[in-house]
Amino acid sequence: MLSNVLTGQVYSFGMFCWGDASRGQLLLPAAEGHYLPKPTFISIITEPVVGVSCGENHSLIVAENGRVFSCGRNSKGQLGRAKSKDTKQPVIEGLGGVAAVACGQEHSLALCDSGQVFSWGAGGEGQLGLSTPVSKSSKPVLIQIPMILPIPVVQIACGNIHSLALTKGGEVFSWGQNSYGQLGLGKSVPLQPVPAVIPALIGVPVIQISAGGEHTLALSCSGQVFCCGANSAGQLGLNRTDEKGRFGVCAVPALRRLPVAYISCGAAHTAVLTKDGEVYTFGDGAHGQLGHSSTSRELLPRKVEDIDGPAKQVTCGSHHTLVLMSSGVLYAFGHGVRGQLGNGSGKDSLQPVRLDELWKDLAVKIQAEMRISSGWNSNFLFFPPPKPSVLEEPIGRLDDARVQRWVSMLERDRTTEIAKREISLTFSTCSNIVACFLKESGAIGKSNFGTMAVDLDAASQTFDKLVKIPWIKKSINLKPLVRSLWYGSAVMKCPEIFLLLPTCPILHEEQNTVEFVLPIAVALTKLNETAMKILKEHWSAMDAPMMIKHISMWKSALSFLLKAKVWLNFIPGVKGVLEVLKYLYRSNKRVEKSRKVPISEFYIEEIGNVELLLQQDITLWRQIKWGQVEEMDMTPPVFCRYPFLLDLQSKIRILNYDSAITKMTHHVIHNQVKMGLQPELFNLEAPLPIMLLKLRRTALLEDTFRHLSYTDHDNFKKELMVHFVEDSRQTAVNQRDFFLHVFTELIAPESEMFIYNDSQTMIWFPSKPKLESKKYFLFGILCGLALNNSNIVHMPFPLAMFKKLVNVKPTLDDLIEFRPVIGESLRYLLYDYTDDDVENMELSFCIHWDGVDVELDPQERGKLVSRDNKKKFVDAYVDYTMNKSVEQVFEEFRRGFYKVCDRDVVEFFQPEELRGVMVGTEEYDWDVFRQNTAYNGQYHTSHPTIITFWEVFEELTEEQKKAFLLFLTGCDRVPILGMEQVKMTVSVLLNSTQEHLPESLTCHCLLMLPEYESKQRLQDKLVEALNHNRGFWRE
């Protein structure tokens, strides 16, 4: 017969079919029980065929002109007409412009060139997707797919009793029966009557969908495969079975490293085709449908070996599989009792069998590509015309040519409207944006299956280029995207969209904060643990400029809300932004130093600038912590929980405010008891609201330690007053003098409390202390008192001490700061010496520290340093010197320090900041100091005495200027916030003569200067005053 049909052009429109024909589903009238054992040529349809789909007992054929032919059983109206049989007119009426069809067990779908989907047939389980459910429909009905924008559908698929649709936006919709989780909508949805987006696949750039009997697979453009549904035979490829099904969408780990190009599902088995032309199968193998010469099931994808050459297409029937090779050879394996293998045997085959190439001559004659289609027990081979399909595909990678075409257009161009729609569609879904900026390789992330390798730099450059053009910027519509994130983020599998969005300048604009940024923040915080882990790993791998861009978007949103004083109107969104910034901060902490973003990039100045915000915030923070306020969803955000957002000035204000409130509370209690308002608390006299130290100048350190040792610890947080027995006055000046001189004595070698570095410029805790450990406890209290009472003190510790106070681990850099020679030699050992150099040094794990030899590895005494253990040696060296050797002494110091200061507030500070607050800096700017000076009384900037004073001051040495700062403020170091904080006021010293010295009130930075008659007199008296040192002067 075949030789006869080659002569007429009409027959070039024919096709081959084989398998079950018992219900007429092969377009041939057949008796009950009839089947075609071998491919048989039919030419009933005299038009080119572009698509075929087979149901259990019916088939649909799509012609090139968009008409649909149907044949087979029509018990549920699945043929699209009322009559059960109509061999004269198999065309479905009222349906045109169709590009693709799909058949379920007893229902049908048609996808039109317009992107609309129609359904008909059985509908009792919601598989028709109609808003008004029907048990069956014999006429095609338009399905309303819920979308904000009219995004066309580009693919459809049917399982037994469920349906799928893929949009041009890369989103997957499902509806119908969900008994095994095949809809990907979770256990709470037994049946879905209308299309619903699969939230787990939001953000996944899906390019192909496939539905099995009760399972679903989706292929992303990165080659990753996602699955859900029935898994009783391992058809999901997860190396396990699930008798009740898999209701949550997950990636298929075993396919992660394969370049998957196509997927096909049978009743309970799955086949995948790779870009290299290899075929892998898994799931039920009872009939040999896996092609592995076995009836065993496979829980993992296994390569089909017995086929020659690369394959170009694979399709699955219910229990059989077809593989079409690039050479045109067709293989079949699996169930064959209904003739579905096409080899004429009518038996199952456990391995691929090669079919006779009855179509070979025809294919050569008409120069057309072959396509195959398999259904339940039926198969078709046809020759679609070589013209491209009208049907669009999901948006892929956004190439430079397309971007350039857009930016080169003028808004008045005739084609601009088309471009506007294209741009709107491109950026309207998460999946599309991810697809646009996938890296060229389409690589999957290395550390987590299911992750996409997105090019953030390309995204940033593209968005920057596009938003510069007003009409393009207006065309970018992010509303649908934001809504989908809000809906689906809790179950999303691929969260890379959250990496891409901050690269878009539109989201950095204040006017988009409420509508876009806040919902995105809330959506991000709702991500599941796996997705969040993926994001954190991406953040930790970011370069600093990109991390700054991310931080900037979230910061800008908060800054805007704070400046506008409306942050309390958007509490959930603000809390979401704060949490996102916390994630970014923690990720930034984990990266190596070269990629780390300075913490100052996180600072939001507006938190400190909004009137009373800090005071209210710390009060709420304390109330929640103490159980006085029950925290609820609408409780205002607590910024104190995010100290990395606070600039140094805000942290200092919080520290001082918290300290002041505590001190004020003691005064209130004192007054209430004194007035008899709280007699039940104190039976005797009212408690002192202050902590008073009575000290002798001549025995300052001894008296201090004695007082601190017997003082009740509750008193340490009170206001500190210092009284020198030699002086009847009790002023704030005494406090400054006290801290200045007590710390001078403490760090002197005579105190024997510390060890010193080689240059005697720094101190550290001893490993073998000569003094009792209680002294270090009291020293900690003393340091705490200095901080709690806003006094800068001289504490020449390396940064390691301040790190340890706030639980930051010291590093080699800290050892280098304290012992540069030792530290640098260790750095050379790690990074500069060759392996041979290390071996030749014969360096051992025995070190000399604080006058004692120490074995860093007690388990192996005398162990030599090698290229393999040199890092371990350096780490052990740092750990011993900075931690282990001082553990007991430092713990006593820390315990004393936190008897005074609140740990939770101190830990707001970075180690560098804490050192600066406690010790000050040496960044002197005398020009700023002069500019900040104010004048009282008859003095002003042009007064002769003032002019002379500044002339004298300029002529002082640097050390004399520091001495002047000490004379004026009680400290010779600059506050951490800079010289701007030192605001001197100069006034006339009343009733003074030419013999009087200048005087100062350190608590007010007040210089009282006599009106000297000459410059020399002023200079002499000023220098003499600087050397006097208020009673502590030594010969």
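A Cβ is built for glycine as well, from the same backbone N, Cα and C atoms used for every other residue.
For the repeat 'RCC1' (13-65), the predicted model reports an average pLDDT of 86. The annotation repeat 'RCC1' is assigned in TrEMBL to 13-65 (among others).
TrEMBL lists 66-114 (among others) with the feature repeat 'RCC1'.
Residues or ranges marked as repeat 'RCC1' by TrEMBL: 115-169 (among others).
What TrEMBL records for 170-222 (among others) is repeat 'RCC1'.
According to TrEMBL, the repeat 'RCC1' annotation covers 223-276 (among others).
Look at TrEMBL and you will find 277-327 (among others) tagged as repeat 'RCC1'.
In the repeat 'RCC1' (328-385), the DSSP tally of helix, strand and coil residues is 7 helix, 20 strand, 31 coil. According to TrEMBL, the repeat 'RCC1' annotation covers 328-385 (among others).
Annotated domain 'HECT' per TrEMBL: 712-1035, in sequence order.
Sequence annotations record features per position, and here TrEMBL assigns active site, glycyl thioester intermediate to Cys1003. Counted within 10 Å of its Cβ, the other Cβ atoms near Cys1003 (active site, glycyl thioester intermediate) come to 14, all protein chains included.
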## Note on the structure
In three-state DSSP terms, Cys1003 (active site, glycyl thioester intermediate) is classed as helix
